[in-house]
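So that you can see what the record holds, here are the features copied from Swiss-Prot:
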- Gly13, Gly14, Gly15, His16, Ala17, Gly18: FAD binding site (BINDING)
- 273-287: NAD(+) binding site (BINDING)
Amino acid sequence: MDFPSRFEVIVIGGGHAGTEAALASARMGVKTLLLTHNVETLGHMSCNPAIGGIGKSHLVKEIDALGGAMALATDMSGIQFRVLNNRKGPAVRATRAQADRAIYKAVVREILENQPNLWIFQQSCDDLIVEQDQVKGVVTQMGLRFFADSVVLTSGTFLGGLIHIGLQNYSGGRAGDPPANALAQRMRELPLRVGRLKTGTPPRIDGRSVDFSVMTEQPGDTPIPVMSFMGNAAMHPRQVSCWITHTNARTHEIIASNLDRSPMYSGVIEGIGPRYCPSIEDKIHRFADKESHQVFIEPEGLTTHELYPNGISTSLPFDVQLEIVRSIRGMENAHIVRPGYAIEYDYFDPRDLKYSLETKVIGGLFFAGQINGTTGYEEAGAQGLLAGTNAALRAQGRESWCPRRDEAYIGVLVDDLITLGTQEPYRMFTSRAEYRLILREDNADLRLTEKGRELGLIDDARWAAFCAKREGIEREEQRLKSTWVRPGTPQGQAVVDKFGTPLAHEYSLLNLLARPEVDYAGLIEATGGEVIDPQVAEQVEIKTKYAGYIDRQQEEIARLRASEDTRLPVDIDYTTISGLSKEIQGKLEQTRPETLGQASRIPGVTPAAISLLLIHLKKRGAGRELEQSA
């Protein structure tokens, strides 16, 4: 039967990609359906109970800057917050939060249920309705048909999901959830390149069976950081510590002697796992010279004894898992609540997508999250927000949008995926961004919120807060620029006493702040300025201290932007361009880049080939002008 009303956008899947996609579409005023196999698992953290980290927090704050839910849900559920790389420069600093799994999920569900224009329905999706290479809707497990001209598929690990524990395996989307095998079969009928990837999770431990006295305590930071630009520390629940222990020679011996029982090393698993989050058996095999590996003992929440031992993800048989866990200091008597496992699943080559995350071959069909070959909640959420936004823009008859590499880590993520593809689960790092001094986590709102408002993603409350912050930064910069300190005056002497730097002549406070030894808080203390919003103070200090470097990056971006944004015609035939080698013609035909900048990042496409493309475009443009004037 057909559902009685029609939707404009349908989102399949209620994980981190699906929730952000559905919320983005609905925030833009588009009638949106979120289809999930189980309402109780909306926003569920399938793996580790943490949000953020190096490169990842930048994505979380960009999602937040565009009105998304992830950062706010983290502030309301975070039970430990830390800033990583705190002693390094602002470009690589990253906020990481340990979350209470149950609270996080409850917050996400509450946000979803209170979002106007969003309907939620519990049913698995078994089929897509496709007519003349255009998606028209979906069919659920019970045969119910929903119609919409845009569908966002965020299937996570559910497409053809196969769970492995030792040499035993069974179908599943994750532990306790069924796979989406009917949909996986339907997807394989479409003209899209499909592959298999793998990820894994460690056994969960009962905290009552662990001896924390022999472990190293790892408390959170003070003052407690926040994740959302709209958040504050008062939102956080009770804060707790994590703990650190290590594997040892005995642990490694147990693993090495049982590799023949590992599905990874016996050839049972075909999919490639995440390079930067390897299983413990992978670590022992690849880093045989290391005597030990860190294990972070992370609490799963405030109302459970379950612990997540980050660092020992494994798919070895249960008896071996028990031996491994009990060989680690502090866990000699540990009770395993849930065994670790690996899961294989289908993903689709992201080179078959446009920048909007719409597939090139099926109009209106968008992919987001692990289906595109990524790993991580943050990467999924970022793609979900972008896909949901573009599905809504399509419904509204507006042009699609994707930030450039110099505008957002979301832009870096998407450009990497659709240009280079991936043969292993893709994880974001700050090192992937060429312009990371500009793309800091602290200025995500200044980079993206204005665009979010234009797109319809930002509500009035967030917009008012953003405008107040932006005006506050301009006002404080102007005050520092126009306030002068002279040698021999009480203020001048206070500056000398505070920082130990003599004043040769008069300086503006902005000039003084640019000095490496001068910090904003100390300068205000010495000169008697008023205490301002910490977010404003942070921006003023970073912009002043790194002004020269930031200006140079902006100049470089401006130089490259002209050719970067030059669009390549949809109907361009690369085989007719003289001078291009057959190999490069083949690469360009396969990838079908949208811009000259994207073409330049395809492996094997040389600068000389880009010059030939530019010449071809100029000739083509001149030829069309002559035709029009004739």
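Just so you know, glycine gets a Cβ as well, placed from its N, Cα and C.
Distribution of Swiss-Prot features across the structure.
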residue : record              : Cβ within 10 Å
Gly13   : FAD binding site    : 30
Gly15   : FAD binding site    : 30
His16   : FAD binding site    : 34
Ala17   : FAD binding site    : 34
Gly18   : FAD binding site    : 30
Gly273  : NAD(+) binding site : 21
Arg275  : NAD(+) binding site : 13
Ser279  : NAD(+) binding site : 26
Glu281  : NAD(+) binding site : 27
Lys283  : NAD(+) binding site : 18
Exercise. Over all shown protein chains, what is the count of other CB atoms within 10 A of the CB belonging to Phe287 (NAD(+) binding site)?
Worked result: 12
Exercise. With the FAD site defined by Gly13, Gly14, Gly15, His16, Ala17, Gly18, which remaining residues of that chain have Cβ atoms positioned within 8 Å of the Cβ centroid?
Worked result: Val11, Thr19, Glu20, Ala21, Thr36, Thr154, Gly156, Ala368, Gly369, Ala380, Gly384
Exercise. In whole Å, how far is His16 (FAD binding site) from Cys277 (NAD(+) binding site) when you measure between their Cα atoms?
Worked result: 19
For this session: Work out how many Å separate Gly18 (FAD binding site) and Gly273 (NAD(+) binding site) at their Cα atoms, rounded off.
Result: 23
Seminar exercise, completed: Students should find that the Cβ of Gly14 (FAD binding site) has, within 10 Å, a number of other Cβ atoms equal to 28
Seminar exercise, completed: Cβ atoms other than its own within 10 Å of the Cβ of Cys277 (NAD(+) binding site), all chains, total 19
Exercise. Over all shown protein chains, what is the count of other CB atoms within 10 A of the CB belonging to His285 (NAD(+) binding site)?
Worked result: 17
Seminar exercise, completed: CA pair Lys283 (NAD(+) binding site) / His16 (FAD binding site), Å rounded to integer, equals 28
